[in-house]
Amino acid sequence: MEAEIQKFIKVWISAILGLSYCYYIAAKIPKGFFRLLSLLPILYILITFPFKISSPNLAGYTSFFLVWLATFKLILFSFNQGPLALSPPNVLHFISIASLPITPKPNTTTNKPKWLLPLKALIFAVIVAIHHNNQHLHPYLLLLLYCCHLYLGLEVVLAIVATPVRVIFGVEIESQFDEPYLSSSLQEFWGHRWNLMVSRILRPSIYDPVRRISTSFMDPSYAMLVAMFATFFVSGLMHELIYYYVIRVPPTWEVTCFFVLHGVCTVAEVATKKMVLRRRWRLHRLMSGLLVVAFLIVTANWLFFPQLLRNDMEKKCTEEYAIMINFFKSRLPLHVFKSSH
């Protein structure tokens, strides 16, 4: 594990150096084609970084942060769009915004209770512990645990990543999840509650351009639906790429099909909702929420999880959590343990 952590540190030091080049040199080039050209070497390097890491957890988060978020943000930055176009005041701020899933919001307060995140972290720890004896669990309970593992693991890790930025810059960071289990529609789940950093990046990079181009030769309402589907399709391809970094086996395209399916269903939902609302029909929020959660779980079991489970990723990831905890505990000064007795 020590060797993996050393590789991880080297990758991120290299990424920081590359993003420093973007701040000091590429930012001075006029926006447009030539700035994009100056960023191409950095984009290529970022795409290759996850291959240097073998750990599924570290490779997964590195590919998400650097290959998806950072590259999309830099492409937008080429045309003075996206979060980096707001002229971060210093290089540290620029690197944080470019490489981490954060959206600073000064003078913003949150209504979420402070105990909620620690509670989710505790539940996540319990789920990780249960995974060590999951051979005795019912398949339906296992499926529920996989869904909770995915959601809680992402939310806890992204919250931990955002904490140093909050402390250093003294700004409030927008939450990346807004209680997605409370969604009453697929549109609400994907657009307003689940992994919001991705939604904020896909809108200016995929949704808006596709909608603008489509509007030139079709009705604006249809252009919106085409742009929505294109966004899901690109998201599926990016998930397929992350799976490849993590699992290192040829793609099966199941996860792409998962997002294509959800794209089709979300488009159909939006179109149907417009027609239904005209007739003043409305499904009770509790019923629609249960249907959404059930649809997500069933389709995830069908298309999202199988490739991970076939390659024992849930077992490898949970074992890595335990190894990482023991590794860092072994590196703590002895007086930390002595003072506790």
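The backbone N, Cα and C atoms fix where each Cβ goes, glycine too.
Record features, source TrEMBL:
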type	residues	note
TRANSMEM	7-26	transmembrane segment
TRANSMEM	32-51	transmembrane segment
TRANSMEM	58-79	transmembrane segment
TRANSMEM	115-134	transmembrane segment
TRANSMEM	140-162	transmembrane segment
DOMAIN	175-260	domain 'Wax synthase'
TRANSMEM	222-246	transmembrane segment
TRANSMEM	283-305	transmembrane segment
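If you look at the transmembrane segment (7-26), the same-chain residues 6 or more away from its ends with a CB under 8 A from one of its CBs are 35, 38-39, 42, 45-46, 49-50, 52-55, 58, 62, 66, 70, 74, 77, 88, 91, 94-95, 98-99. For the transmembrane segment (58-79), the residues of the chain that approach it from at least six positions outside its boundaries are 4-5, 8, 11-12, 15, 19, 22, 26-27, 31-32, 35-36, 39, 42-43, 46-47, 49-50, 85, 97-101, 157, 197-198, 201-202, 204-205, 238, 241-242, 245-246, judged by C-beta separation under 8 angstroms. Beyond the transmembrane segment (222-246), the same-chain residues lying 6 or more positions past its ends with a Cβ under 8 Å from any Cβ of the stretch are 50-51, 56, 59-60, 62-64, 67-68, 190, 198, 202-203, 206-208, 210-211, 214-215, 253, 255-260, 262-264, 266-267, 270-271, 307-308, 313. Per-residue pLDDT, averaged over the domain 'Wax synthase' (175-260), rounds to 93. The DSSP breakdown of the domain 'Wax synthase' (175-260), given as helix, strand and coil counts, is 66 helix, 0 strand, 20 coil.
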